[in-house]
Structure formats: structure tokens, C-alpha cells
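S.K.: Got a structure here, written out as C-alpha cells. Questions coming.
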Amino acid sequence: MFAFLVKRILSGFLTIMLVSMIVYALFWYGPKSPALQLCVQETNGRCGPTSPRLADYEERLGYNNPVYEEYGKWVKGLVIDRTIMLGKTPYECPAPCLGLSFRDKTLVSEQLKDKFPVTVSLAVGAASLYLLIGVTVGALAARRRGTLADKLLVSSTLVFSSIPYYLVALLSFLLLTLNTSIFPDVAYTPLLDNPAKWASGLLLVWLVMGIFGATSYTRYSRGAMVESLSEDYVRTAKAKGLSARTVVVKHALRSALVPVVTIFGLDFAFLLSGTVFTEQIFDLEGIGKWGLDATYIQDLPVVQATSLVLAVAVVVANIVVDIIYSFLDPRVRLS
Amino acid sequence: MTLPAGDLEVHGETVARPPEAERKAIAGRSPTRIALDRLRKDPIAVVCFLIVVLFAAIAVFGGLIQDLLGVSTETVRATDVIHPVTRLPLEGPPTGTFDPDHPFGVAPGNGTDNLAVWIEGCRTSLYLATVAAVLSTIIGVTLGLIAGFMGGIVDSIISFATDLFLTFPFLVMALAISPILNDRFGDDTDKLRFASFYSLVAILVVFGWMGVARLVRGEVLSLREREFVKAARVIGVPTHRILIREMLPNLIAPIVISFSLGLPAFVAAEAGLSFLGIGVFGRESWGQTINAATTWWEDYPLYLLEPVLGIAILVVALNLLGDALRDAFDPKTRR
């Protein structure tokens, strides 16, 4: 178990390193001049691509040094405080330093602290809802396999999950909050400030993400349940005279959950990408909307941080899923 | 091989030829043939196929259809068709009745024809999705073939890359690349139009080949050990011929399935990115129309529903067709 954990975390770490290098290189080599946007903003537009001012800004931001040196400084900034020169003024950037937003010179890491809880609230609420709905409905459908209700459920989930997510989210926002105000107050309130308001404000979003996500989980868990209900050990359990409840929940469901958990891990990327749409449509100030707004005004440090944080979240989620795996399926030996 | 007419001679004895009907019954059919026959008997698949053909025809003959119906995307004098205060169209929906000059109505605000924009959006969607699906299938098949056939270190590297790309959410990459493109080509509209289209294709391809590669790799791993491949090796067939002539024909099913399931994913992704404002530039797109139409929702819902229905119908039809194809190719499914 321990060896597996170390190996898994090391490979996850390697992935994060690679991703951060790709993102860093992208923002180093991608733009014509990475400092141009900042320079234009600072000098009220008196900064052309060839002006000496721009060269000045590039020098101060370190773009004249070799890329590996600056990447090294950037990585070092994650653990040790550093100073960043934006224009003529030096800015303190305490660790973990992700740079300063070009727009308002605030610390990217500070902003991240405000935005992260919003996205996490959305993701966690939605994920628990769709796992709960999906697995329950899927297991029930598998027990009643072949009935009319089962067939209807399978074909309707197939159609519903084919519709792009953002269309569902957009239409439910327009119909349920704008037109009819069934859910009037979609807003984020920090959980610790007011738990009731936190839940009621995000309820619609959770429902939309949850029900949409549940459609595919219903199909996966139904398929897995159908398979595991026909296994020998389920028959053995029945023959031993265990109650139907124990057989279904303890024997069949537990092994049926394994493929569902795998897909959940892979889906985490979708969940996070989905929050970009969700936050944009429902106007919630999470990481997705923050990154999107930053792309409109080319606030490169913020976009860079967003890409990195989302990628890291996906890698971490995958490691967690691998660990959950070992608890669910006694056959999985981690070595 | 054709048999001579008349009775056959086997070991000196004359054997009567089986009657015509019996011989047909045992005629061999290729897996592709069987799959297509099963598909033809599937009513959902036929309906979806017709819908897809209709959309494809709209995309291919888009210019002709616009000429025939007398609509065009060219800008009109807004004062001719738009109310000066409400900015809503003077004729046709939402206030008036059906307007034969503009079957889908005109856009509020600038007064362009909705049908023409819709047709152009359909073209963009299908064109981009097809290019992306073809490229990602080619790359995925090539890498999967190489990884499965070569094994060893090559396989390890390709598999690691597959996992790496699977963990990185593609939307984040799209988010990161959009401001860079704007920075680089922002002052040249033609170049930006070109660059935004092909970089979107590139992003979709870079994050779209992994599924195919995994499937193909798995298939190749088992095909590699089969007798006909071993036989080909023994008689000295060069590797590239084994890959192309022996392996590839056996990989038709996974290739066709992942291509047909890739198309709807790419259509949805293109429209989604355009909806966020980070998609194609300088072309009409359903996503852009949706983005523009959300502000008009309460006065002019039809304006939003036209592109929404376009995307939903096309994506659902493509997805169901892909699912039907998968079932048709799978000998285990019973209908």
C-alpha cells in the first residue's frame, strides 16, 4: 500500500511538473511580447511593439533571461517569497507566489483563495448529487431489468446525456431563474457565514449539474449492477439465506461501484471544465469564470494560474480515486 | 474463387451441387457487412442517419440554399428592419407573424438574417468537427498501432502520454491559447480568422486522440499474437505491410466507432467555446448566436432557440448514430 502510494504520488508529481512546464512555455513563447499588455495598461496606451518602454518592461519582468532560469525562479516562488517588478514598483509576493494580476496588481494566490471555495462547493455538491442519484437509480433499474420502466429510463438517459451540458444549464437558468423565478437567488455565500444560504443559493446549480451528470452514471451503474447481480458470489449469498438488502447492497453494489469510481475519476476533468460553463451561465465568481474573464483582457498571470490549478486538481483527484479503489475492491492489490 | 458449373467431382465420386438458395445462406459476410445489415434494421439508426445527412447537405450546399431562399449574411441597414427604440425586428417574430423573406426571422440589434447565419453556423460546426475527427482518428490509430505492435519502451512512452493528456482538461488549454492568439494575430483579421480556426482544430485534436489510441492499442495487443499475423511474419512480410494490410482491416470497428462518437463531441465543443467567446473568429457559429441571444431571451426567445435546437438535434443524432454503430459492430448485443 505504502509503495503504491509513493509511486502514484511521484507519477502525479511528474505530471504536474510537465503540465506546469507546458503552461509556462506556452505563455513565454506564445505572445508577441508577454509584457505588452501590462505596458499598454500602465502607460495609458503609449506603448507600441517597438517602443523602448516595452523593452524596459520586458527587462524588469525578466523576459530577457533564459526561459529555464525564469521557470526556476517561478518554481522557487512557490515555496519562498519573491519580489516581482511590475513597471517601476517592486511588489512583494509571499509564497506560494503565482504572480500578480496585470489588471489590479493583486496577488494571484490571494484571489485564488476567494475563488477556490466557489468552484469546490459547486463540484462537491454536484458530484455527490449525481453519484447518489445515478447509483441509486441505476441499481434500482438493474433489479427491475427488462421492465417498461427500465427500458424507458435507459433510452431517455441516452438521449438526455447526448445533449451538450451548457445548453441544459443555459436553458434551465433562463427558464427557472429569469422567466419563472422558481429559483430566484443563485448566488454564492460562504459556507461558514451562512450554511442555509450557501445551500439554497447553489441548489439550482447542483440540481442542474447533478441531474445532467446522473444520466450517464445511471447507465454505467445499471450496466455494472446487471453484471454483478449475475455473478456466482451473489447467488451464493442468496443461497446462504442473506436478506435481499444485504445481497444487493453489500455484495452486488460494492463490486458494481468499482467501474463507476473509475469513470468518476476520469470525469473529474469534465466536472471542472463544466464549472467554467456553469459559473459563466449562473454568474458565480469561481475559478472558471475568473480564468475566462482573464482571457478577455489578456491577464496572462491569472490565465496561467487557472490552467495550472485546474490541471493539478484533476491529477490529485485521480490519485484519490486510485486510493478509494483499493478500499472498494478487495481484489485490487496495490503493488 | 468460382466453382465450375454442373456437378462436382470429389474423390472420383460425383456430388450433386447444393441448390442455389442453400449456397447463398452459407455465403461468408465480412464483419462490416454484418454491422451495416444490422444497422439498416435499426429504426433509430436510420432516422439519425437521415438527420445527419440533412445537416451535412445543408453544410455542403449552404451557399446554394441561401441563394435559393434569397437570404444572405451580408449586413443590412439596421434602420430598415429594426425598431429604433426596442431594437427588435419590425417584421416577423417575435412581434409579427411569419415573414417569407426571412424564414427564421432577423437578428435583433443588427438586423442580419437568422437563417443565413444559422446555415453558416452549421457549416462551421460540421467542417471543423469533421477535420478534427479525421485528424484525431489518424493520429490515434497511428500511435495506438505503434504502441501495441512495438511494445516495450515505445509502448510505455505512448501510454504515459495518453494518460497525461487524459488528465489535462482541454477547456483549460483552449482558455489559455485564446488570449495568446488574440495577442499574436489580433491586428490582422484574416490571419486571426485562419489562426483561430486551425488552433481550435489543433486543440481538439491534441486532446481528442487518446480514446482511439487506447482502443487500437488494446486491439493490436491481441491481434499481434494471432496466427495470421505470425504467419505473415514468418514468410517475411515487412512490418509496415503487416500493420497496414493485416492489422488495419481488423481495426475497422474501433476506428469507425470512435470517429462517429468524436464528431458530436467536437460539434458540441466548438459551439461551447464560441458561446464562451473563445471559439472561432470571423465565422458564423451557433455558439456565438447563443451568446448574443441570451440577452434577448425575454423578448425574443426564438432567436436563442434556433441555434440551440440546431446543436441539440445534430449532436443527439450523431451520438445515437454512433451508439447504434457500436451496437451493430458488437456481436454480443442482441436486439
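From the backbone N, Cα and C atoms, a Cβ is placed for every residue, glycine too.
This is the feature table in TrEMBL:
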type: DOMAIN; residues: B:122-322; note: domain 'ABC transmembrane type-1'
type: TRANSMEM; residues: B:43-65; note: transmembrane segment
type: TRANSMEM; residues: B:126-150; note: transmembrane segment
type: TRANSMEM; residues: B:157-177; note: transmembrane segment
type: TRANSMEM; residues: B:197-216; note: transmembrane segment
type: TRANSMEM; residues: B:251-282; note: transmembrane segment
type: TRANSMEM; residues: B:302-325; note: transmembrane segment
S.K.: Is it the case that the transmembrane segment (B:251-282) and the transmembrane segment (B:43-65) touch, counting contact as three or more CB pairs under 8 Å in which the residues of each pair are 6 or more positions apart?
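M.R.: No, the stretches stay apart by this measure.
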S.K.: Can you tell me which recorded stretch out of B:43-65, B:126-150, B:197-216, B:302-325 has the most Cβ pairs within less than 8 Å of the transmembrane segment (B:157-177)?
M.R.: B:197-216
S.K.: Give the nonlocal contacts of the transmembrane segment (B:43-65) in its own chain as ranges (CB under 8 Å, at least six residues past its ends).
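M.R.: The answer is 119-120, 122-123, 125-127, 313-314, 317-318, 320-321, 324-325, 328.
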S.K.: Do any residues, 6 or more residues outside the transmembrane segment (B:126-150), come within under 8 Å Cβ-to-Cβ of it, and if so which ones?
M.R.: 55-56, 59, 158-159, 162, 197, 200-201, 204-205, 208-221, 223-224, 239, 242-243, 247-248, 251, 255, 258-259, 262-264, 266-267, 270, 280, 314
